[in-house]
């Protein structure tokens, strides 16, 4: 009996390993792992919403449950009055910050710090990301994208928590469970981002990320019923053309059958990345506008759920300890994984500060430059070949991005 049971366990383990070797099987197992947290939590929240005891209860436990389910909705009139009182001072501070950012030597110093910080963080992050997913460590390749997402989210959560502790933030009135929606989509988009590198080159991934405005617009229409001016559709069409030119450019040195097969899987995963990432940004936009939370509060709430989901998934699939073992056995991988997390967390802080001080147009220009440099750094470090057609596709994509920046800066909206 024990022999049969042992055989069944070995068979089950072998089947599970075979399923995880295919990207679709790994994706579905990750989703099932999230469900182990999500389904019980949804049932509890549904019960607590109807419970009069939770609504009237006192003490730290009831307070935590109330924040999770209802948010901070106490004394709304007083809160509104306080916010109105702060409005004039915040406007004054914003004007002072803007004037400081546009005049004097302080402007150029702050701009230089933001540019260097963003470029250093995300260029290093891009090179390391490709290194971790495509190059072997002592003859062994790391293959579990979910563990890398987990490591990134742990450090981002710590950074956000420390930042919240050290700085004064507005009252977080959002029901805490609202962050879970963007957390799931954000975690899946990050998984797709790492997983795609098994099938497509890093330059292809960068161009796909640059063109995510297309699914963002689609999600904006679906989630928020938004309409867009004519130039948004023009730049979206140019992005589509540029990405298509790049993806259809044949590499003469590659086997055509293998190249087509792997590119198809990579394109499907990248489409998944863009869809999940677009939902994240639109959902977060709704939470920002509805509850007036800060970016750091959003970062903390989203990463809290992301840590829970990724740990649940890794334990459910039985790979958490094997990933830790790989981490301890390969010190170079441990250093690269740590640097990935540090670059990601620091990069997010530079994003918030750049947008706060200089606005979204300057930030977009910096990031467009970063994306172009990432492609060429990848070609240098990992010997990717850009054919004439693929190079033309890159130029069309970045022309479209620069047009978007131009229209935003000049404020040209045109007919919708």
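Cβ coordinates are placed from backbone N, Cα and C, and glycine is handled just like the others.
Database features (TrEMBL):
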- 23-45: transmembrane segment (TRANSMEM)
- 108-127: transmembrane segment (TRANSMEM)
- 147-166: transmembrane segment (TRANSMEM)
- 233-250: transmembrane segment (TRANSMEM)
- 262-279: transmembrane segment (TRANSMEM)
- 300-327: transmembrane segment (TRANSMEM)
- 333-352: transmembrane segment (TRANSMEM)
- 361-383: transmembrane segment (TRANSMEM)
- 389-407: transmembrane segment (TRANSMEM)
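The stretches the transmembrane segment (233-250) and the transmembrane segment (389-407) are in mutual contact, each linked to the other by at least three Cβ pairs under 8 Å (pairs 6 or more apart in sequence). With a threshold of 8 Å between CB atoms, the same-chain residues lying at least 6 positions outside the transmembrane segment (300-327) that come near it are 13, 16, 20, 26, 29-30, 32-34, 36-38, 140, 142, 144, 146-147, 149-150, 153-154, 156-157, 160-161, 164, 172, 174, 176, 178-180, 182-184, 186-187, 284, 293, 333-334, 337. If you look at the transmembrane segment (147-166) against the transmembrane segment (23-45), you find fewer than three C-beta pairs under 8 angstroms, all six or more positions apart, and that falls short of contact. When each of 23-45, 108-127, 262-279, 333-352 is scored by its Cβ pairs under 8 Å to the transmembrane segment (361-383), the top-ranked stretch turns out to be 108-127.
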